[in-house]
Amino acid sequence: MHNHNNRLVITPGEPAGVGPDLAIALAQQDWPVELVVCADPALLLARASQLNLPLQLREYQADQPAIAQQAGSLTILPVKTAVNVVPGKLDVGNSHYVVETLAKACDGAISGEFAALVTGPVQKSIINDAGIPFIGHTEFFADRSHCQRVVMMLATEELRVALATTHLPLLAVPGAITQASLHEVITILDNDLKTKFGITQPQIYVCGLNPHAGEGGHMGHEEIDTIIPALNTLRQQGINLIGPLPADTLFQPKYLQHADAVLAMYHDQGLPVLKYQGFGRAVNITLGLPFIRTSVDHGTALELAATGTADVGSFITALNLAIKMINNSNE
């Protein structure tokens, strides 16, 4: 294992939210890797004292070998906030700060300095209010690493759900599903299940778009015109695909027990099942990037900032999965 492969970068996200609290909570235990937090050191130290938790920071040095993180400490890649942070109060003045932390962490992950990037929650609305067009982390990282196509996947211990389309109005979904887009999404999904999850022959179950997967064309034509031909082409390339199946059929234990991943056609087709089954234990993963990226599955929880009641479970799960994916990639 290379030294830098033992180094993960973390972006706590929105400074007024629970992200800084969670970064400090992560620091309260030992980790087998070095955790480099891209944030304002003054923000973390102030929040740690508000939470009454011990925190020592050491400045990140790229030329030094990675060290396993000891409880009570974090390595810091510093970016300064523009205005004073009040826990629970959004300030448009710090939007550029948030984006700068993402850019710095992303560049380090692209260059291979960091083996993985783990993100805390950002407040999309306040970034956009600052005049910075921002759809989400996924799109930001894709753009910055010049990836034409990435895939959003959420995972729990028992279930992985990838999305054929992500943050689109429902009205725009059918037009966004083409044979070409399905080809790209499924190829990335299959490849990353092999390389980052260590699954030699992934079985991917695919949802139809319409109720009853179109009922043979009586309830929509997307399955017949687009989804089935795309799956047949991919099967000829050796990808193991089952479907399209009606989503309400597919999300039953008898099918899911054989699925390495489920491909849902749109955001709210696949994610409610997964969230119900594993909220707080789910991890958001971006597939198709030139680096490993995992994320918490919750928002900024402004009302919990600096209260000491924020749950670090999702962040720990996201970190542990990133470490597992690094190990799979190195094998």
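Note: Cβ is positioned from N, Cα and C throughout, glycine not excepted.
According to Swiss-Prot, the protein carries these features:
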{"type": "BINDING", "residues": "His137, Thr138, Lys275, Asn284, Arg293", "note": "substrate binding site"}
{"type": "BINDING", "residues": "His167, His212, His267", "note": "divalent metal cation binding site"}
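Structural mapping of features recorded in Swiss-Prot.
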{"residue": "His137", "record": "substrate binding site", "DSSP (3 states)": "helix"}
{"residue": "His167", "record": "divalent metal cation binding site", "DSSP (3 states)": "coil"}
{"residue": "His212", "record": "divalent metal cation binding site", "DSSP (3 states)": "helix"}
{"residue": "His267", "record": "divalent metal cation binding site", "DSSP (3 states)": "helix"}
{"residue": "Lys275", "record": "substrate binding site", "DSSP (3 states)": "helix"}
{"residue": "Asn284", "record": "substrate binding site", "DSSP (3 states)": "strand"}
{"residue": "Arg293", "record": "substrate binding site", "DSSP (3 states)": "strand"}
Could you tell me which of these binding-site residues, His137, His167, His212, His267, Arg293, has the greatest number of Cβ atoms within 10 Å of its own Cβ?
Arg293
List of residues, in chain order, with Cβ under 8 A from that of Asn284 (substrate binding site) and at least 6 apart:
Met152, Met153, Leu154, Thr294, Ser295, Val296, Asp297, Ala318
Select the closest residue to His137 (substrate binding site) from the following binding-site residues, measuring between CA atoms: His167, His212, His267.
His167
Could you tell me the C-alpha distance between His212 (divalent metal cation binding site) and Lys275 (substrate binding site) in angstrom, no decimals?
22
Over the residue list His137, Thr138, Lys275, Asn284, Arg293, recorded for substrate, what is the maximum interresidue Cα distance in Å?
19
Which one of these binding-site residues, Thr138, Lys275, has the sparsest Cβ neighbourhood, judged by other Cβ atoms within 10 angstroms?
Lys275
Roughly how many Å lie between the Cα atoms of Lys275 (substrate binding site) and His267 (divalent metal cation binding site), rounded to a whole value?
12
For Thr138 (substrate binding site) and His267 (divalent metal cation binding site), determine the Cα separation and express it in whole Å.
14
